Protein chains: 2
Amino acid sequence: MADQKPLILVTNDDGITSVGIRTLVELMKQLGSVVVVAPNSPQSGMGHAITISNPIRLYPSDIFGDVPAYECSGTPADCVKLAKHHVLKDRSPDLVVSGINHGSNSSISILYSGTMSAAIEAAIEGIPAIGFSLNDFTSQADFSHTRDHILTITRSVLERGLQRGTALNVNFPARTAEPLKGIRICRQANAKWQEEFDERRDPHGRRYFWMAGDFVNFDTHAEDTDEYALSQNYTSVVPCQYDLTSYGMLDELKNWKL
Amino acid sequence: MADQKPLILVTNDDGITSVGIRTLVELMKQLGSVVVVAPNSPQSGMGHAITISNPIRLYPSDIFGDVPAYECSGTPADCVKLAKHHVLKDRSPDLVVSGINHGSNSSISILYSGTMSAAIEAAIEGIPAIGFSLNDFTSQADFSHTRDHILTITRSVLERGLQRGTALNVNFPARTAEPLKGIRICRQANAKWQEEFDERRDPHGRRYFWMAGDFVNFDTHAEDTDEYALSQNYTSVVPCQYDLTSYGMLDELKNWKL
């Protein structure tokens, strides 16, 4: 069936009712047959968590009209696993897209990102995958300026595929009066979150903390990073892998003669 | 203070009451001044999750006698952040060790591992870090055969340091009648979990799923992987990084002319 439409699985980490996933579903309907399996509640900051000590719920949803959709009690990575091995067990998706996230997942934020963990989980399954995120975390974020780039990047991946084990981390600048300048292929900037813990007391006098912090970019002089591209009003695309081996340190460690 | 003892932060993902962390605390007391900040409940499979939408609790604990210890309601990554920026804000740890995990975190399991997310969080903070895991997930696992290797590896890291942004993923075979053969420096095996979802009905007739699955190693013919070393009764050491950029695909993507 060479002319069969590609099967596209859509998921996210903000939950199935978010504006971002609705935008992505509408766009993917232009490119293939769409199935949605997404969390039933916000899962931001879940990283690559999976649900192994609790049961997982999965219910059909009519939230996207004639697009088959399921809401899942699990994490974004759970959603991809359940979609692949249960919902779509008779036909593996040709592509997994995750997002559009309300909030940036550039540079170090990829590690904490449920959006990107879903894309990386798909890559582990051998399925090409893209995570899309907008640098605007408000629930009513304006995604309209991202549409053309999402279609361009997704069409290219459907046509060309990705190297096995690779997922794309795509980030968009927040909408401004200026249109986006274009798309840049980048490396992950070397950065971190500099935490500050906001200490408070509950009504019973017991201490608690809110995690807060500032983003610190150690790569401010580099122009090949996702952070630089975003700062210049470009869409950033970083190819990502799940082999965490630091090959640059293998030989040094071997010389330790442990 | 050149002769000041190194400050070692100990955490884990099985929770502060587990046998594995108790073993690690006892060993680290031989090497430095120890502080424990660990979850107050099991956090297995939490990946690199952080707690941003809920308050975090942190209480002192006397579970380790004269070793300062805190139990935390958050994830392993939260524990490292709270330790660095609150508990130890006046003196950064010289080393972070995580574990000993009850269960293997070799090859692909590193992505889902709370144990290794704590070590990688430390690496992001610029602190040398090691995650230790035993291929025995029972609560009464026997860790006695791992002691010499833990001391050898930890002493070497304290003396030599690690490349910035690197953490070590150390895994031990389960105890058998044979002693461990030695320590092998390895790369992360290319593998995945092949999920099967066990579908059941609750007493109210509603469906739920348990995640289960089998480990599949795609690298069975390679002898330089952690899986191979473990299969031969060696301790495996994989240096890990948090830059997920797939440098091998950067040039190909640039040629797409997006």
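A Cβ is built for glycine as well, from the same backbone N, Cα and C atoms used for every other residue.
Marked as domain 'Survival protein SurE-like phosphatase/nucleotidase' by TrEMBL: B:8-195. Look at TrEMBL and you will find B:ASP13, B:ASP14, B:SER44, B:ASN101 tagged as divalent metal cation binding site.
Other C-beta atoms found within 10 angstroms of the C-beta of B:ASP14 (divalent metal cation binding site) number 26, with every protein chain shown included. Proximity to chain A (CB-CB distance below 8 Å) holds for B:SER44 among the binding-site residues B:ASP13, B:ASP14, B:SER44, B:ASN101. Each residue in the domain 'Survival protein SurE-like phosphatase/nucleotidase' (B:8-195) has a pLDDT score, and their mean in this model is 95. Apart from B:ASP13, B:ASP14, B:SER44, B:ASN101, the residues listed for divalent metal cation, the same chain places the Cβ atoms of B:ASN12, B:GLY15, B:SER18, B:GLY20, B:PRO42, B:GLN43, B:PRO76, B:GLY99, B:HIS102, B:GLY103, B:SER113, B:GLY114, B:THR115 within 8 Å of the centroid of those Cβ atoms. Cβ environment of B:ASN101 (divalent metal cation binding site): B:ASN12, B:ASP13, B:ASP14, B:GLY20, B:SER113, B:THR115, B:GLY131, B:PHE132, B:SER133, B:LEU134 lie under 8 Å away, each six or more residues apart in the same chain. Taking all protein chains in view, 33 other C-beta atoms sit within 10 angstroms of the C-beta of B:ASP13 (divalent metal cation binding site).
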